[in-house]
């Protein structure tokens, strides 16, 4: 088994009201120079290793985890050796 | 006419929708159909109610679109049968790809429950024929994710083909073009965020929602009942 | 293995480990006596939660007993999940209020959300379908980022949970006062409707019957929540965060639907929510009520986490769980219903005769204690009570008088006070329409729901002005009940019964116990006068921050019956030309008033007088006149007095009002009790004046959208466009929430 970390964010150009709100709050708290804030989702999967791993993950992302109309996804595979 | 109201785990406007159809239209049969049903092909119109299907935990409607019953809903929609998705039902239709676009959080990041002014942009559809074009309806909204988003090209197409059926009179949630409801290209699938099933009786504040259900019924009657 | 890490019975005693769980030395000694040996870790855990104030009412029991709790229409008083009141046609209304103050102070979103979840389960475990949620919230002034954060998150938590479950949140109230700055109050009330034949009880009856677990699996959340709820808050409370439970409304919705199907089966013997103190309290209370015992095998309890100990499983406050007793041999029928709703279920025990709660785990008996020791033998404390000096000081003060002369400005400032200002910002976030029965939405005196298929409707409200109670708990207690009843009457309903949530500081302080004693005595008297028994309730003590107690805050949740939909009345004016009447005369009643707080920044002196017989008489008159069709709108005069009340009647309407009165601050702003402002169609004026002799005509509803109040000599006291009033009143809270200072 390997751990897969999937990150889902709104596509570039799609207004992110949550990110805007967080950015506004940070500025209000006195943290200057925060240029941009994006809020997204992190999904951790524990999946079986295999040569088709990438294909499987991409398909999961496209079919369910992300909505390609407004969202992008990236992922990282965390293998034992890298821990 | 036989109507199906689909009940997903977490649907909570299913009974309200059934009441609207039963008590205020001449629809003969209204059945609550569980998400596990294999087929809805014996129904003339299929209604996807509001609520929080599967808790809306990943994205609103994202998990519900894979419910077993949805395969049949999609194929009936493609055959031209009347399909109406309200609120969470609209979100499910978007996720299922029966309608274009997607929903984001409301711009104020809060759930909004309030009666708003909704304008009938196109009264030439099977969902709005009992309304006047340009008529302004008082209909409640109740959603957290009703901020309709689509790309410019989709928006232009929707506009050009008069597929924007309902719009908000003022900006309530950030929706592109103040869109409140749209149809598919063929005109047999409607998705809308406002809740017409909550606007059926003046006793409860408004009866402006009735026209939607009667329009659907009249469309069916006009196409199915032979007049002598 | 993890069992071995637990302290032994000897270590618990020698190192006084029980004190960490909130058990006092003498309580520990009593436990040893009761079970005839030193309790082990699991056992002392069971006692610690069941003997906490939250579960045992050890400091408040004698006071709660004075509340009237029965009546011909009362089907179930306190003692079950919720109270039950007959409303005719074989239907009953089921309701209860519960506090979630401490969890909300440390994690406001989840604290409030799980408060809603718990009160829903109390109602549907009785077999009733929840039809409405209300809540009563108290915060400090919205002047600090922390209070704003608490306010926003509590509202979001209530919204997130209630909306998802599909039960409308139709009313309640929010007040802001310095006294709650460190200790917010979150009281949630649920109202359910049931056909009487489906009424359930939480009993473990029938030796040999099966004990079943239904709902979400058990995790380590909320361990010691019940004891936590009974402790004062201090700086280390934030560290207690892991003890706060997380709610899952999606599971709740499925558990709700499953339970409402389970209760229709005659195989179900008893059912109870696993609320505070989880599996421990539900098992012990169900056995105690029936005089039976329960054997449980903890190995088969559905678990969310690995390696949980018996102690953890018994004390967990994981949400969305129910305990059932089912006829032996019919478990499969129950399992099938759970499967349909995709809810876990497990057979975890048996009802037995010997009145012991016996827990087995990995082949060993890990706890074996008498049920009665856990429940009935919980200590009851006779607490000393002492009148505080401040009470007499306030009584001796000369009558307070407002200094302000500019009534126009005062009205606007009062409308901007967060306690008075529109709570639209709050209830806009609650789905108050789902189930399509809401006749009167949040914002009027009471919310009203129709009962589908009948001519009847239910009115409901929550109320409690702690400022009066802080100055004079006895009169304040009477006012709390009277005002709730007045709200119900204004909506055209007859008050039926109430549920109460008593939020106080530490009862171990004689001055605070005195508040508790006095205010409950006042409430009881009012309940007797109005014949509105207390059918359920909750006590939340130790509401203190760093030794400073909150104002005593009993919250009254009242339900009334509208006999005919025709009687449903709201506060808003309906028609230009209608006459405006004021019922009851204004006195110089300023102690604890909103105007006093506005001017002085603090409250002082004597609170408004409360004559219960007069109050009762006027309620009957107003209700009678509503039923006779004489009244177009009715509104109770409360915080901010007549001027604020009339403003509330015109705001959100197409009308204004023209009124004439004396140039007298008391007329405009006094909070004299038992008063109403009503509007009446001219053709009914004469009849109305006969029906309510205390009604005086003050003016007319106008087409011109402005509130105009003048003296007989045409001197303008108040002149404001309706739109300005609405703008100020609605804008106040959003403006405070948005401010980032």
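Note that the numbers count up from 1, one per residue, in the order the chain is shown.
Cβ atoms are placed via backbone N, Cα and C, with glycine included.
Where the annotation comes from TrEMBL, it is an automatic prediction and has not been curated.
Taken from TrEMBL as is:
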ACT_SITE  B:87  active site, nucleophile
ACT_SITE  B:195  active site
ACT_SITE  B:197  active site
Tell me the Cα distance separating residue B:197 (active site) from residue B:87 (active site, nucleophile), rounded to the nearest angstrom. 11
Just jot down the residues in the same chain as residue B:197 (active site), at least 6 apart in sequence, with C-beta under 8 A of its C-beta; none if empty. B:13, B:16, B:17, B:19, B:20, B:49, B:86, B:209, B:213
Around residue B:195 (active site), how many other C-beta atoms are within 10 angstroms of its C-beta? 28
Check residue B:197 (active site) against DSSP and tell me helix, strand or coil, would you? helix
